[in-house]
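Inspection log for the structure reproduced underneath, given as structure tokens.
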């Protein structure tokens, strides 16, 4: 076997492991979101992982399995409720986030239906719990949650308590009808429910969707009956028409559902042509705050049912419909306090403690203020009325203070120069925005470092959550990651609520993680400054083990892709720090010392050999765009230089654009970048044009 063949086989094996890793990651977070209604990651992080898995499965179709999450809608069902299979699968919807995305969807329709100017049924995208209701001879017979799209939970008795649900259909109806829609709360009803729960000292709901899901899944239907739920119908599954004529358009479907007695999403409209759809989306985005229900976008379905049937479905979504999500939403509230959080590298991060406010359907009570400079630049003060935004409808941040409502007695915030966790003096390195606690024994730093080490970005140690880390650190049993691997079952049994079964599971998880750890994961888990997943992958492919990496000079490190002086210095500083040297020695002695297991294979594609850099706000997460470029053969540059081949520009690009033009570097917008990836022949469109359409930031809720 020659060297090239060996490298290719090793790279394919690495991709296969990555596919398996992504499937486990997505399945876990599907379960958290769809089954437990308790998401742990942002939509951006989920979408990035999902898109990466899609691309890998397209590259290696032989490794795509029937149970891949790309073939499913999400969420396995709880065992506490009976389950049943849907007669026809309940699909999810693909999302678009900008006018360019919408035009891309239209282009695909045009290719599939040449010469047709399609009409669309458009209505608000409700954010509730998706259900299917079964009617036999006009009588309500059964209700199922969407579940994983194939099998749902039976929630018939709970749905019988929903006040606006027709138990018997009106007028002339099919012999059997499966109605699809969502259970939701009106804004006022959701706020009233949370207020009642607070008075009862019960746990409140973060958003209306969680409240709807929690209410319908109650085994005690009296709890469901006590809550003002509503069902909005927007579609159908199996229909046995009997002697009735079948439906021909979606507008007719919605009219018939209303005739039968169903409430439908307010403001639904037949839009003739793409311009009418764009107008409808803009109108709804402008008045979303005035609506009775929380919405996060517009759903557009091809009106012609025969054309829908001809287009069919992908593995997870219809080809004839799409959801156009809204941009980030803002709200105004009171800044009650500014507290300081301590991160794993000792960074002191200011956090805004807010009077709870609903933003994009989520109750926000805390938001990031980033650092001392940001507070000073925005002049945010305790007691101010502030504008809060969920960036991408996900991450809360304080945008600005409402100066017209500021109290004359307000005082600028004074950033503390001591660590709130340990009381030691903090320091700020010249040229950096962050204050840091430099106390190596700071309990907050230790806790956050351990949490990162065991997280999915690190060694992915199952079951070892924040609560157990707090207990282990506060008891002084664990001070470094190496201490985790010396824990025994007998020791763990001394902790409250720790039984033999759980203690054994913890120890087994730790030993399994130690055995299965890759060099890339260990590098990432150690929390070296400026070293994330991509840089860890680069280092793991260049060095045999941690000893080899530790011996590398800054000059040698800078010869690697996208490792500049700052990153190289941070890596050297890590290996020269005595506590880190001691930690690595302990890990090596414990057997946690993975070696290089893969040789990277340079992908071949339309961007092979090119250096690409992104600037400005894109319609997708930056990490997703970078991964797409890498999959097409490109390397990702860290800055604008003569070595740069291509600058992809989004909204508000800043100084990188001017520098690239000065150097004569090729500049394209996001749409042209995506077209290049799809076209695959090296042709660049929309190149460096002042009139080129720029990608806009759209919500991702």
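In case you wondered, yes, glycine gets a Cβ from its N, Cα and C as well.
Remember, it's a predicted structure, so these values are computed and weren't measured experimentally.
What TrEMBL records for the NAD(+) site is 92, 93, 146, 182, 301, 325, and among 123, 200, 220 the residue it adds there is 123. In the predicted model, the domain 'BRCT' (602-680) shows an average pLDDT of 78. In sequence order, 342, 346, 420, 421, 423, 424, 426, 438, 439, 443, 444, 445 are the residues of the same chain, not among 419, 422, 437, 442, whose CB sits within 8 A of the CB centroid for the Zn(2+) site.
The shortest Cα-Cα distance from residue 301 (NAD(+) binding site) to any of the recorded positions (125, 419, 422, 437) is found for 125.
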